[in-house]
């Protein structure tokens, strides 16, 4: 089957009418000579879930990784990433501070080979929280926020490697939440999990949405339509459409988006 | 709000640590780099002095068969022909590798594929022990067991390439084995499953799939073994005979580059021709280890199955 070609100059990208968590302006990414991301200008609303969808290699993960500077040393990122009125894609920015506020969960659950408790307290301790009671409180809070507390509250000092995939992924979310970030970035967090674990992760995200701005990359279009308030469609390094999720999935403006969500793509 | 904005733009303990850590690694790398450059410079200048200061021709050095740096030949030229040592060095190295490789691969396969539990429990410590034995002990065993054995079975003095090869065989065996084990272990489990599920026998799987995938690693192991054999001085010196003569077979006394270096270095004065000639031998050794390294890199790059 031949790959259909779509025009990159015809795009439909809306401005968000809500308070913004962060925005990017003309973000471009280069891997050496390879121009992997072209001029992505998106606005992410506060306390909402935004989904980034698109085929493999469309640049959505690459884009996501720019948002907390995880592409440093891997790729060249040009353009502006505005967070709290500051361009965090600039040389003099303290990237460690950025990542305290903009946290990331990866595709494969990646708990440390430590106990469940230590997985969560790791970053807290590095940031100078020494008080035992405070640490315990944060462990409980974050595990509850990630809907994992009831399953592991008696095993906090057991190895995190003994957890199932879904539990491990929720631990990874809890680990981020414990740092009380502003924004959670999730890179296909459920793609390695079974449907039941996936449902739990989605439920967790719905809960977290009340206090966090969430940006999630997903391959799973049903997932995007279930949980996201806004959805951006990526194709071959371009953002072609960005709108409310309902609009994207019922009445997309761009042909490529329509083909992708209806499965007539490629 | 504003505090966060300020924090984003100002340095913190973390960024200072970053800077500090980076500085330390730069200092270390500068020191090590300097060390390596000085060693290379020293050996190269000393080694080349034979040709630049003493005006010996490079070709004569590489192809001459007489080694007697203190004496002049009938044409008034110094007698420094390194060919016998080069030939002997290569002979013992290649022969040791050829003999050791089948054993090493056999042991490695046993340890990884046939009996992984016994392999790691019993053979691993044995191999580590073999690595840990000092070379002078190997040389001593060679001198008191292998040399008399060869003398009684084949005649001659017993010293020579055969004795050197046998001693080096035992010395490089653990090196080749343990590196081969690592590379076979690194073959993903699903290769084996896929092959077995297609109806291949265990032997076919090992021979055609596992060993094929591990080939670059095993070749690297062999080359590491060869580079160890090439550079081994003491043990070889004790059994090779130390006569700088062109070997006429496996049983005649001879001398390798390294054994000649250890024998001769105490008997010469710095800056004289005999001393410079020894440095030239060292330069050959250095270049050879460079060649071995390049080979390892080349195999690692070209040999792997990826693409």
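Along the chain as shown, the residues are counted starting at 1.
Even glycines carry a Cβ here, placed using N, Cα and C.
Looking up the ranges B:209-230, B:231-252, B:253-274 in TrEMBL, the one annotated as transmembrane segment turns out to be B:209-230. TrEMBL lists transmembrane segment at one of the ranges B:53-81, B:82-110, namely B:82-110. Listed ranges B:159-181, B:182-204; the one TrEMBL annotates as transmembrane segment is B:159-181.
Residues 89, 92-94, 96-97, 100-101, 104-105, 108-109, 113, 168, 171-173, 175-177, 179-180, 182-184, 186-187, 191-192, 194-195, 200, 258, 285, 288-289, 292-293, 295-296, 299-300, 302-305 of the same chain lie 6+ residues outside the transmembrane segment (B:209-230) yet bring a C-beta within less than 8 angstroms of a C-beta in it. Long-range contacts of the transmembrane segment (B:82-110) within its own chain (CB-CB distance under 8 A, at least 6 residues past either end) are made by residues 61-65, 67, 119, 123, 127, 161, 164-165, 168-169, 171-173, 176-177, 180-181, 184, 206, 211, 218, 221-222, 225-226, 229-230, 236, 240, 244-247, 254-258, 260, 280-281, 284. The stretches the transmembrane segment (B:20-43) and the transmembrane segment (B:159-181) are not in mutual contact, being linked by fewer than three Cβ pairs under 8 Å (pairs 6 or more apart in sequence). Long-range contacts of the transmembrane segment (B:277-299) within its own chain (CB-CB distance under 8 A, at least 6 residues past either end) are made by residues 40, 43-44, 46-51, 56, 61, 69, 78, 80, 82, 85-86, 216, 219-220, 223-224, 226-227, 230-231, 257-258, 260-261, 264-265, 268.
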